[in-house]
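These notes are about the structure you will find just below.
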Amino acid sequence: MSGCPFMAKKHHFTFSELSLEDKHEDNSQEGLNKASKGGLIYGDYLQLDKVLNAQELQSEKKGNKIHDEHLFIVTHQAYELWFKQILWELDSVREIFQNGHVRDERNMLKVVARIHRISMILKLLVEQFSVLETMTAMDFFDFRDYLSPASGFQSLQFRLLENKIGVPEILRVPYNRRHYRDNFKGETNELLLRSEQEPTLLGLVEAWLERTPGLEEEGFHFWGKLEVNIFRALEEELQAAKTKPDSEDKEEHLAELQKQKELFGALFDERRHEHLLSKGERRLSYKALKGALMINFYREEPRFQVPFQLLTSLMEIDTLMTKWRYNHVCMVHRMIGSKAGTGGSSGYQYLRSTVSDRYKVFVDLFNLSTYLVPRHWVPRLNPSIHKFLYTAECCDSSYFSSDDSD
């Protein structure tokens with residue numbers, strides 16, 4: 001019986017010495033090992049001794065070590081680290097707006113880049129649920145009782161994130177019929193209160209939008225021109241539709257045109273906007289809404305391209321926050337069904353109530369699509385405003401009044 005067929009023949013391998021030219025080209029081993037000389041090393045820089053030893057299994061402390069509790073802890077610690085980074089980026093953006101540095105258009109690129117970074121982190125956090133979902137409901141049940149009364153609702157950083165972005169306090173769903181801050185004590189409660197009193201990203205963006213060039217009544221007066229164009233075009237379509245022979249299609253078309261007139265009538269009614277604002281159905285001031293719509297219509301103009309990217313990224317943040325809440329709801333429902341949460345809430349029922357427009361901060365930006373019209377209805381830029389929007393300057397005088405300039 002023969003041995004291994006692959007060894008039936010002896011193979012001889014010869015390795016020729018690298019030529020002098022090849023030796024010169026092989027630079028992969030020519031570096032210096034600086035770590036051997038002492039100084040800061042990787043583990044010390046990241047303080048990995050603290051991070052990697054911060055996983056304390058409650059089940060193990062109780063003498064019943066459950067394997068999947070380790071995954072549960074690491075996943076939530078990862079969430080909290082990313083929340084910290086989001087807050088770091090968010091605070092820097094708010095500072096740029098607050099200090100007036102946004103007047104320099106070069107800083108707008110910085111703002112857009114950091115807001116986009118927040119979006120990318122949130123996208124990662126949404127996808128991270130898939131790792132936690134490798135744990136079955138029974139796996140979670142094995143150690144769930146060890147967690148009480150700890151609860152995800154007690155995440156200070158997530159509540160700070162909501163406040164700093166601009167989730168309205170009056171629209172929050174009560175937690176067990178109590179104010180959300182009642183679940184935090186001492187310094188954490190004070191931090192939350194302070195975050196409610198600070199300028200929010202929503203408020204800062206609102207003030208910025210109110211300074212959009214072209215809204216001035218004594219200047220281009222975009223809003224007035226848009227109103228005239230829209231109602232003139234709708235009236236022309238209405239009259240043209242009336243001349244057509246009677247039919248079911250004609251009646252439907254007339255009814256649709258009438259709805260359009262009512263829709264745009266509400267848009268140009270400032271008192272109605274203020275009423276919706278008081279009810280929490282709108283977030284931006286009337287003037288800021290005008291600015292946002294103008295940026296959308298003229299987004300191809302050089303001066304509005306970066307602002308349009310910012311508005312798009314703000315909507316992306318809202319979208320991803322909603323997806324995060326929804327994925328969280330689905331996971332909780334899968335893991336505990338209709339049981340109460342470990343912190344005492346109604347669990348799935350409470351979380352489901354937070355997946356709504358109540359928690360959307362930039363909902364007005366989403367609703368702008370309601371008011372899109374054919375391009376030829378949009379007021380044409382006169383030479384003066386066109387030249388102004390065509391050139392982006394280092395110091396942007398368009399986003400602050402002459403009284404503010406120095």
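Cβ coordinates are placed from backbone N, Cα and C, and glycine is handled just like the others.
Positions annotated as substrate binding site by Swiss-Prot: F72, I73, V74, T75, H76, R144, T342. Listed in sequence order, G152 are the same-chain residues six or more apart from H76 (substrate binding site) with CB atoms under 8 A from its CB.
Summarising the annotation, Swiss-Prot assigns heme binding site to H328 and lists sequence analysis as the type of evidence. H328 (heme binding site) carries a helical DSSP state (H, G or I). In this view, H328 (heme binding site) is surrounded by 18 other Cβ atoms within 10 Å of its Cβ, with every protein chain counted.
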### Task
Using C-alpha atoms only, work out the spacing between F72 (substrate binding site) and H328 (heme binding site) and round it to an integer in Å.
14
### Message
Roughly how many Å lie between the Cα atoms of T75 (substrate binding site) and H328 (heme binding site), rounded to a whole value?
### Response
13
### Message
Suppose we draw a 10 Å sphere around the Cβ of T75 (substrate binding site). How many other Cβ atoms does it contain, all chains included?
### Response
14
### Summary
Ordered by sequence, the long-range same-chain Cβ contacts of I73 (substrate binding site) under 8 Å (at least 6 apart) are Q55, E56, L57
